[in-house]
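**Q** Pulled these features from TrEMBL for this protein:
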- 205: active site, proton donor (ACT_SITE)
- 47, 86, 136: substrate binding site (BINDING)
- 13-212: domain 'Thiaminase-2/PQQC' (DOMAIN)
Ligand SMILES: Cc1ncc(CN)c(N)n1
């Protein structure tokens, strides 16, 4: 790590894969409202399963964070978004699209869940923060590429709104800030460990969109 923040350094180490996520054709089609219903259904069915492990990982962040100041935003996000907004969104969207909350798990969804579950069980705070940061920061990345008016289709529009806006930006800034706070105290071997998890999460995000876009 040379100059700059730890989170920026982590992202730079995976720059091409990161760019492939935020500029992914599937994500771009969400912002223009052009994802066909069948593809959006498939994506949200898988993402509903992702959110289960993601929510558990937020719980681990509350437990593993090294300061009270950090536990509070994790707890707030866990309560506010994971159990209310995002959950009601999934139920409404899947109902509108004729989807299921119990669809068969795609391989990439299972791999992502395994990564989150492994990191959760480790209770290793820098690793937990790294996975959460990738998941939220790269979603802010594609959602903030919306250039025209938001899509009229509410399934697309609300999904963008959940990953954009002042509150979500502050949440991503908090996650980056945690990595930036933790980074300087880590030795080279620990930084490499955090980078390996960060890189794996970025790769899984790209493959998750590939899975969602396949056949659309
Ligand atoms: C696969 C994935 N990655 C990230 C997010 C952002 N919460 C999500 N909903 N789904």
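Please read every residue number as a count from 1 along the shown chain.
Using the three backbone atoms N, Cα and C, a Cβ is placed for every residue, glycine included.
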**Q** Which number gives the other C-beta atoms within 10 angstroms of the C-beta of residue 47 (substrate binding site), all protein chains shown included?
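**A** Its Cβ has 19 other Cβ atoms within 10 Å.
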**Q** Please report the number of other Cβ atoms within 10 Å of the Cβ of residue 86 (substrate binding site).
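**A** Result for residue 86 (substrate binding site): 20 other Cβ atoms within 10 Å.
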**Q** Of all the recorded positions given, 136, 205, which residue's CB has the most CB neighbours within 10 A?
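**A** When each Cβ's neighbours within 10 Å are tallied, 205 tops the list.
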**Q** If you average per-residue pLDDT over the domain 'Thiaminase-2/PQQC' (13-212), what number do you get?
**A** 95
**Q** Whole-number answer please: how many Å between the C-alpha atoms of residue 47 (substrate binding site) and the residue listed as 'active site, proton donor'?
**A** 11
**Q** Measuring Cα to Cα, how many Å separate residue 136 (substrate binding site) from residue 205 (active site, proton donor)?
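**A** Distance (Cα to Cα, whole Å): 11 Å.
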**Q** To the nearest whole angstrom, what is the C-alpha distance linking residue 86 (substrate binding site) and residue 205 (active site, proton donor)?
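**A** Pair distance, Cα basis, whole Å: 18 Å.
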**Q** Looking at substrate and its recorded binding residues 47, 86, 136, figure out the farthest C-alpha pair and report it in angstrom, whole number.
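**A** Value for the max Cα separation, rounded to a whole number: 13 Å.
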